[in-house]
Amino acid sequence: MYPAHLLVLLAVCVSLLGASDIPPQPLNLYQFGNMIQCANHGRRPTQHYTDYGCYCGKGGSGTPVDELDRCCKTHDDCYTEAGKKGCYPKLTLYSWKCGSDGPQCDDSETGCQRFVCDCDATAAKCFAKAPYNKENYNIKTPCQ
């Protein structure tokens, strides 16, 4: 092997080692957002749920502030259960369809895909039923 080839091979290996430290990005959040739109028939933008109450959005703590926030806590708890089963819910892709009564998971899905799909479909339907209180969006009070 020529020295130039060895240098290229070394550079590729170093690049791959560096990339292994980059945390994976949530892949199924796009699917979950589409499920939310399916369930609420496009009446409320998905981003309205990203910083709502104590549990809608990144993280979560304290007591849910209302019914919608309880939907988010239940969804968080469902993802925790998925993790206990060895699933990676934020990285798990699945098949589903938008029916007249909201999102429906594909019957052919099994294991982690089915579990995570059920978490997301249940949450999306819960979001659609729960009242949206504008005063709970981007709340400033700490959740305890």
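Note that Cβ sites are derived from N, Cα and C of the backbone, with glycine treated the same way.
What Swiss-Prot records for the Ca(2+) site is TYR55, GLY57, GLY59, and among ASP66, ASP76 the residue it adds there is ASP76. The record in Swiss-Prot pairs CYS56 in a disulfide bond with CYS72, which is drawn from CYS38, CYS72, CYS78. According to Swiss-Prot, CYS105 forms a disulfide bond with CYS117, chosen from CYS98, CYS112, CYS117. According to Swiss-Prot, CYS87 forms a disulfide bond with CYS112, chosen from CYS54, CYS112, CYS119. Disulfide annotation in Swiss-Prot: CYS78 is bonded to CYS119, selected among CYS38, CYS119, CYS126. Annotation for the recorded positions ASP76, ASP120: lowest Cβ count within 10 Å of the residue's own Cβ, ASP76. The shortest Cα-Cα distance from CYS71 (disulfide bond) to any of the disulfide-bonded residues (CYS87, CYS112, CYS143) is found for CYS143.
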